[in-house]
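J.: My questions will all concern the structure given below.
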Amino acid sequence: MAPVKGPLTPIQVENLQFPASITSPATAKSYFLGGAGERGLTIEGKFIKFTGLGVYLEDKTVDSLATKWKGKSSQELLDSLDFYRDIISSPSEKLIRGSKLRPLSGVEYSRKVMENCVAHMKSTGTYGEAEAAAIGKFAEAFRNLDFPPGSSVFYRQSPDGELGLSFSPDDTLPEKEAVVIENKALSEAVLETMIGEHAVSPDLKRCLAERLPAVLNQGLLLSGN
């Protein structure tokens, strides 16, 4: 593919740096930064930022998306739920990094993620015994963890239904995944809750829509890791 005129660059979210590309030592796969943004909650009228989220995509994701979305503007992508659903269901791996801006316990952090995932799966009729068991494994993975500012959770979402979890004291990818959960509905729900219909990070959705048109139209060139 021809390189983009405006290459993909790193993104800064508060004090968190998301590099333009990363390679996982656990899988040896490389990914480019599709977008990044903040996640927070409005508490007593004030927006409190808790996490910076980054979505990394495999190069071949570009080809699967370009067939339908090449030539679309950023606004057209932002306005289309199907665009984000196509990212989620694309036949390639996605790697999601969630780095903490404020201290959170593993129980606090995972509780909200699980609530959102279960709500989505129930709304789409994909929540059953297997998904309940997968949620149990997810909860157990976070049970004894604490996340100080700057620490990270990495989610590897594979097209065959694996959800790999890694935990890091900073922004570096661990050599090995802490746990792999085999459940496609949960794997896709994690990213759906971040960029789908009821996205916890509208900032991340906007960033994806702003950055990906150049890649879809002209190809991929990374710069400034």
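In case you wondered, yes, glycine gets a Cβ from its N, Cα and C as well.
Checked Swiss-Prot, it gives:
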type    : residues              : note
BINDING : THR51, ASN116, THR193 : substrate binding site
SITE    : TYR109                : site 'Important for catalytic activity'
J.: Name, in the order they occur in the sequence, the residues of the same chain whose CB lies under 8 A from the CB of THR193 (substrate binding site) and which sit 6 or more residues away.
T.: VAL113, ASN116, CYS117, HIS120, ALA199, VAL200
J.: If one measures from the C-alpha of THR51 (substrate binding site) to the C-alpha of TYR109 (site 'Important for catalytic activity'), what distance in angstrom results, rounded to a whole number?
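T.: Each residue's Cα considered, THR51 (substrate binding site) and TYR109 (site 'Important for catalytic activity') end up 10 Å apart.
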J.: Other than THR51, ASN116, THR193, which residues of the same chain sit close to substrate? List them in sequence order, counting a residue when its Cβ is within 8 Å of the Cβ centroid of the site.
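T.: Surrounding the site, in chain order, are ARG39, LYS112, VAL113, CYS117, VAL190, MET194, VAL200, SER201.
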J.: Of all the binding-site residues given, THR51, ASN116, which has the fewest Cβ neighbours within 10 Å once its own Cβ is left out?
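T.: Least crowded of the binding-site residues THR51, ASN116, by Cβ count within 10 Å, is ASN116.
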